[in-house]
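Report on the following structure.
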Amino acid sequence: MNVLQTTNLSKTYYSNKGTISYQALSAFDLSVSKGEFVGIMGPSGSGKTTLLNLLATIDKPTQGEMMINGIQPKTLKDQELALFRRRELGFVFQDFNLLDTLTIRENILLPLALDKVKLREMEARLDELADTLQIKHILDHRTYEVSGGQQQRAACARAIIHNPALILADEPTGNLDSKSAKQVMNTLAQLNEEKEATILLVTHDATAASFCKRIVFIKDGRFFSEIHRGTNRQVFYQSILDTLSVLGGDFHEFENYRP
């Protein structure tokens with residue numbers, strides 16, 4: 001079963017005079033099955049951010065089709081789209097996007113509170129998730145009282161607690177040191193393995209990408225190639241670097257820490 005399906009997805013930005021100024025994404029096809037962990041990589045300006053914005057439903061395609069969990073977002077009205085985004089999607093951002101005025105517990109529970117889930121169920125979900133991610137000891141802390149890595153793990157918990165169809169992770173390790181980054185990627189991999197979370201990760205970091213099961217490479221707004229991971233993450237990491245070298249662009253954009 002495909003959780004995500006795009007067909008001929010394109011995004012063109014126009015000038016004020018109506019002439020084409022930039023073709024950000026061109027005829028892009030992508031299928032993501034339930035329980036997959038897929039990475040998106042490419043040089044700056046390749047179309048990664050545009051693709052993510054379209055999938056997040058904060059921008060609309062110029063043409064093409066996109067279906068998430070059997071629903072076409074473009075057919076939804078504004079209020080329906082906001083509800084769809086809240087229930088079907090989970091987000092993990094580079095800068096965490098946790099609210100400083102709330103505790104870690106309250107931040108994680110926010111999606112359930114907005115949906116008016118019963119308190120007993122909220123606490124049960126949180127208890128299980130906090131156990132899995134080993135963050136029980138920070139639940140009653142404020143965001144500024146915990147490390148960046150702990151904040152991002154809390155953000156991962158918030159992204160999945162409402163059981164979304166798809167989690168979109170945008171450079172989730174971008175603001176972290178290598179140790180914290182590895183912990184966060186282990187967290188996402190754990191959610192994928194144990195909770196069968198379907199995750200789409202956009203990253204420049206080859207090490208972060210090596211935690212995925214499949215990498216799709218974009219160049220100039222178009223599909224370039226894809227590679228699949230076997231049993232050895234180190235071999236997959238090297239395959240990612242090899243593909244990036246063929247892909248071109250500024251190779252120094254890509255963080256090449258060894259896994």
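Including glycine, each Cβ sits where the backbone N, Cα and C put it.
Quantities reported herein were computed from a predicted structural model and do not represent experimental measurements.
Per Swiss-Prot, the feature ATP binding site maps to GLY42, PRO43, SER44, GLY45, SER46, GLY47, LYS48, THR49; the stated evidence is sequence analysis. According to Swiss-Prot, the domain 'ABC transporter' annotation covers 4-248.
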Which of GLY42, PRO43, GLY45, GLY47, all binding-site residues, has a Cβ with the fewest other Cβ atoms inside 10 Å: GLY45
For the binding-site residues listed (SER44, THR49), most other Cβ atoms within 10 Å of the Cβ sits at THR49
Close in space, distant in sequence - LYS48 (ATP binding site), Cβ under 8 Å, 6 or more apart: ILE40, MET41, GLY42, VAL202, ILE218
Taking the centroid of the Cβ atoms of GLY42, PRO43, SER44, GLY45, SER46, GLY47, LYS48, THR49 (ATP site), which other same-chain residues have Cβ within 8 Å of it? ILE218
In the predicted model, what is the mean pLDDT computed over the domain 'ABC transporter' (4-248)? 95
SER46 (ATP binding site) has how many other Cβ neighbours within 10 Å of its own Cβ? 23
